[in-house]
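This report refers to the structure that appears directly beneath it.
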Amino acid sequence: MEKDVVSLEDALEHGLTKEEFQKIQEILGRIPNSTELGIFSAMWSEHCSYKNSILKLKTLPTTSDKLLAKAGEENAGAMDIGDGLAVVFKIESHNHPTAVEPYQGAATGVGGIMRDIFTMGARPIVSLNSLRFGNPDEPKNKYLLSRAVKGIGDYGNSLGIAVSGGELFIDECFSKNPLVNAMTVGVVRHDQMASATTGGQVGNSVYIVGATTGRDGIHGASFASKDLSKESESKRSAVQVGDPFMEKLLMEASLEAIQKGLLVGIQDMGAAGISCATSEMSAKGKTGMKIDLDLVPFRETGMNAYEAMLSESQERMLVVPKKGKESELVSIFEKWNLNAVKIGEVTADGMIEIYMGGKLKAKIPAESLVLGGGAPRYERETKRPSYLDAVKTWKPDEIPDVTKGANSKEILLKILSSWNVCSRKPITEQYDSEVGLVKLIGPGLDGGLSAIPGTNKALATATDCNSRYTYLDPYKGAEFAVCEAARNVYVTGATPYGVTNNLNFANPYIPENYYIFSECIRGMGDACRFLGLPVTGGNVSFYNESPEGPIFPTPTIGMVGILENKEKLIFNFPKEIGVELAVLGNFRPSLGGSEYLKKIHGQINGSIPELDIKEELELCKLILSLNESRILKSAKDLSLGGIAVALSKTVLFSGLGIESDLTSLRRNRLDLTLFGESSTAVLVGFDSLSKEDIRKQTEAYGLKFYPIGKTNSSGILEIKDAEIKISFQELSGPYEKGLEAVFAL
């Protein structure tokens, strides 16, 4: 055994606590050497162990008769969608790497989540991304956003995976700490699903396949488990470097090997690289592994065991083939011009043994390293932040209603030009949404809808979270995020199926931060339970703060849904003149936390929109029932920017005109009526002959029917109550130009 014994000081420098260092010594029965310390520091980092979140995550609902892989069991969640098929999906973050190297940070985030999907045997169909950045008027923020989007586009386009949607949210709190959350969804036959395990097959060979191993990404897991600071800029070596063309080859070779039944198990080498893949596969299979690092294909000379075990070089997998299938495995990877090299074997003693230069460099029980095994778990102290009470004292009468008279039109145009409302075309045009010929409803709308090849089914996808809402009310804001994601799925005609989450929060050791995290988990869990949606997995990203302060809490919800008959899709916007428009649900507008309040009055304050989870479930049932009768011409979630923005987008996306009267929605303030944001509300279009039928069905579900207007051929939006009469061209200018300058060459 290598004898370079380490000290407590070394352990502290690696991000471990005094107590954790003591626990490691108890596990090993001795003081660890440097390689072992590096392995423990990576595997027990927040990024890999979820040590400060796992106890809270276990309170989320994770059961469903459709689940094929529960949260934490595999690389991603999997759910049965009938006909022998499963949908496999997950969302993950690459926040800190993007902050210091936006192109590679964002690109490798896409690559990592793709591998999580095809490692399970599923072919990726679509991807989404949820982005949070600071004000792009500032040069640094503009650089970060534009480079991150290019990284996402270049990597995804090279792989040939369509982008079905996503979101962008801009606020000053993300200036030093942007968020990049990447989601991928794939489909696989039940009998072709793969697992990240040794399968208990003692004596089987262990292969490393794919790219060579270099020094890029060393300490990546630890880097993601610390606050960003001025020194973070120097940590570029902790950012991985991706090669999408290599990933494409790796995907095809891996899927071929899985489909031919050659493998016992396969695991992506993401965070903590070989350390993570060997320990997780071994622990799941209740075995150990003996690894010879001299056999690993290196791209750099002189790498030692510490570096080899912690390298996060991209596009690599660890594979355990079935006995007798080794040569066939190698042939497949050689056909795709990829490495497939035996580096060890599965052992019976449960130990991870690492050799290099003929010497034993590390010997650690696999179970002691992994989440759910020996990795530490903590419940941190909580304290309710005082600001949560302060913001609720705000009342709308503290601001003037600036929409009176002819100002309504001017205010509407300002909101349409805001970063959080304006057109996403400068972003979505960098992504290939047509590849694979699966697009039915593409990016830029409420939810994406994609055909599932070889079936009549369609896959609905959405990501959602209003970070201002979760800042103002963590519990209700998280509930709102789940409900809005579900709404954006069912307005396509699809039934919401399951949830993956990306939990982006600040330092968990600060009691106020941990309180906010805990409340968001509670709100998310309650909403998912009531809506009958299992949480299939996801990612926790703590330490999202800089010396200037923490980000807004952002529990991003990734939602998938299934439409059994893709011919029954619902478009976001009507396509004909003479279509009646109405809001269904319970219109309860609020200016608290609204885009109007921030853009026009420069405030983030107040109570967020009231939400009744029972009504949300009934609205979902209503929309799906109406769609079964094929009487809806369109359906659009009513939320950010309020009814005025929803009507404006209807004109912009349909090219039609609208004559509207908002009497049925009228509140005591015009700005509240026009720009107040509401939960439990969907703007629908329908034939006039169906009006009374829809009204009766809506009331039968205990909801309200608010008639507001009709489409025409004028290309003009007219809102009589607000003295708004504005043409398509007038709307289009500010809406289309909002982000153009950010991405101008």
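Backbone N, Cα and C define each Cβ position, glycine as well.
Taken straight from Swiss-Prot:
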- HIS47: active site (ACT_SITE)
- TYR50, LYS90, ASN501, GLY538: ATP binding site (BINDING)
- GLU92, ASN539: Mg(2+) 1 binding site (BINDING)
- SER93, HIS94, ASN95, HIS96, ARG115, GLN240, GLU312, SER313, GLN314, SER541: substrate binding site (BINDING)
- HIS94: active site, proton acceptor (ACT_SITE)
- ASP116, ASP268: Mg(2+) 2 binding site (BINDING)
List the residues in the vicinity of the ATP site, defined as same-chain residues other than TYR50, LYS90, ASN501, GLY538 with C-beta within 8 angstroms of the site's C-beta centre.
LEU57, ALA71, ILE91, GLU92, THR500, ASN502, LEU503, VAL535, GLY537, ASN539, VAL540
Compile a sequence-ordered list of residues in the same chain as ASN501 (ATP binding site), six or more apart from it, whose Cβ lies below 8 A from its Cβ; state 'none' when nothing qualifies.
ILE91, MET524, VAL535, GLY538, ASN539, PRO555, THR556, ILE557, GLY558
ASN95 (substrate binding site) to HIS47 (active site) - Cα separation in whole Å:
12
State the Cα to Cα distance, in Å, between GLU92 (Mg(2+) 1 binding site) and GLN314 (substrate binding site), rounded to an integer.
16
How many Å lie between the Cα of ASP116 (Mg(2+) 2 binding site) and the Cα of SER93 (substrate binding site)?
13
Could you give the Cα-Cα distance between GLU312 (substrate binding site) and ASP268 (Mg(2+) 2 binding site), in whole Å?
11
Give the maximum pairwise CA distance in Å, whole number, for the residues SER93, HIS94, ASN95, HIS96, ARG115, GLN240, GLU312, SER313, GLN314, SER541 listed as binding substrate.
21
If we count other C-beta atoms within 10 Å, could you say which of the binding-site residues GLU92, ASP116, ASP268, GLU312 has the fewest?
GLU92
Give the three-state DSSP assignment (helix, strand or coil) for GLU312 (substrate binding site).
coil
What is the nearest of the recorded positions HIS47, TYR50, LYS90, HIS94 to ARG115 (substrate binding site), using the Cα of each?
LYS90
Pairwise CA distance, TYR50 (ATP binding site) versus SER93 (substrate binding site), rounded so that it is a whole Å:
14
If you skip the near sequence neighbours and keep only those at least six away, which residues in the chain come within under 8 angstroms of GLN314 (substrate binding site), Cβ to Cβ?
THR108, GLY111, GLY112, ALA211, ASP216, GLY217, GLN240, VAL241, GLY242, ASP243, MET246, GLU247
Would you mind reading off the Cα separation of the residue listed as 'active site' from SER93 (substrate binding site), to the nearest angstrom?
10
Compute the C-alpha separation of ASP268 (Mg(2+) 2 binding site) from SER93 (substrate binding site), stating it in Å without decimals.
16
Among HIS47, LYS90, HIS94, ARG115, which are recorded positions, the residue with the most C-beta atoms within 10 angstroms of its C-beta:
HIS94
Three states by DSSP: which one describes TYR50 (ATP binding site)?
coil
